[in-house]
Amino acid sequence: MIVIKDAHFLTSSSQLFQCPASLTSEMVILGRSNVGKSSFINTLLGKNLAKSSATPGKTRLANFFSTTWEDKENALTTTFNVIDLPGFGYAKVSKSLKKEWEGFLWELLSVRISIKLFIHLVDARHLDLEIDKNAKENIQALLRPDQAYLSLFTKFDKLNKNEQHRLFLNAPKPFLINTTHFNALSSKYPTLEIVRQTLLKYLLTNPL
C-alpha cells in the first residue's frame, strides 16, 4: 500500500533560475486547460494543493510540490517533486504545444535533468484532439533514455459503461485514469492505489 506521508507546495517559477535545485526525481503533470489537472494532483496526493487558474493561459508558471511516498509492502520511502504545468490549448485556434510554451516552459522540459516522468492528462470524452496529439509528439521527441511518458485519462466517470469498456480495451497500457469516485467503478479498472503504484514504479526505474 502506498501512503502519502507528506505533500506541500514548494514554489512557483517563471524562469529557470527560480526553479528548485534538481536534487530529487520529478514528475511533470501536463494537459489541456480544463482537463482536470488540479483535481488529479489533489486526488493523487490526498491533499488540496493545486488550484485551478481563474484565467487559463494567462499565467505561465510552473508550480513545484514536494511529496514523500511510503510503499509499505516494500518498506520503501521516496521523496520526489511534482511539477504542475499550465494548461495548453486555451487559444481559439490551437497552436502547437511547443509554440504555446516557447521560452521558459519549453526550456524547463528540455534541460531539467531531474524530470523522470511525464504524465499527459487526456479528457476521456475527447480522445482525438489535435492539440493532444501534438503535445504527445512534442514530449516524446524530448524524451531521454531515462525518462518515460504516460497518458492518463481524466473524467472517466463521465463516460457510460460501454464507453468506459471500449476505452479500456483500446487505450495504451498501462491504463491509468482519474475519477471522482474510484470505488464506484468496475473492479477491472485501476484503483487510485494502482495508479500510485504505477507512477512510483516508473519514477524508481531511473532514479536521479
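Glycine is treated like the rest: Cβ placed from N, Cα and C.
Taken from Swiss-Prot as is:
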BINDING   31-38, 57-61, 84-87, 154-157, 182-184  GTP binding site
BINDING   S38, T59  Mg(2+) binding site
DOMAIN    23-205  domain 'EngB-type G'
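Neighbour density at the Cβ, taken as the number of other Cβ atoms within 10 Å, is lowest among the binding-site residues G31, P86 for P86. Most Cβ neighbours within 10 Å, among the binding-site residues K37, K155: K37 holds that distinction in the structure as shown. Looking at K155 (GTP binding site) and S38 (Mg(2+) binding site), their Cα atoms lie 12 Å from each other. Listed in sequence order, T191, L192 are the same-chain residues at least 6 apart in sequence whose CB falls under 8 Å from the CB of F182 (GTP binding site). Distance between Cα atoms for G31 (GTP binding site) and S38 (Mg(2+) binding site): 10 Å, as a whole number.
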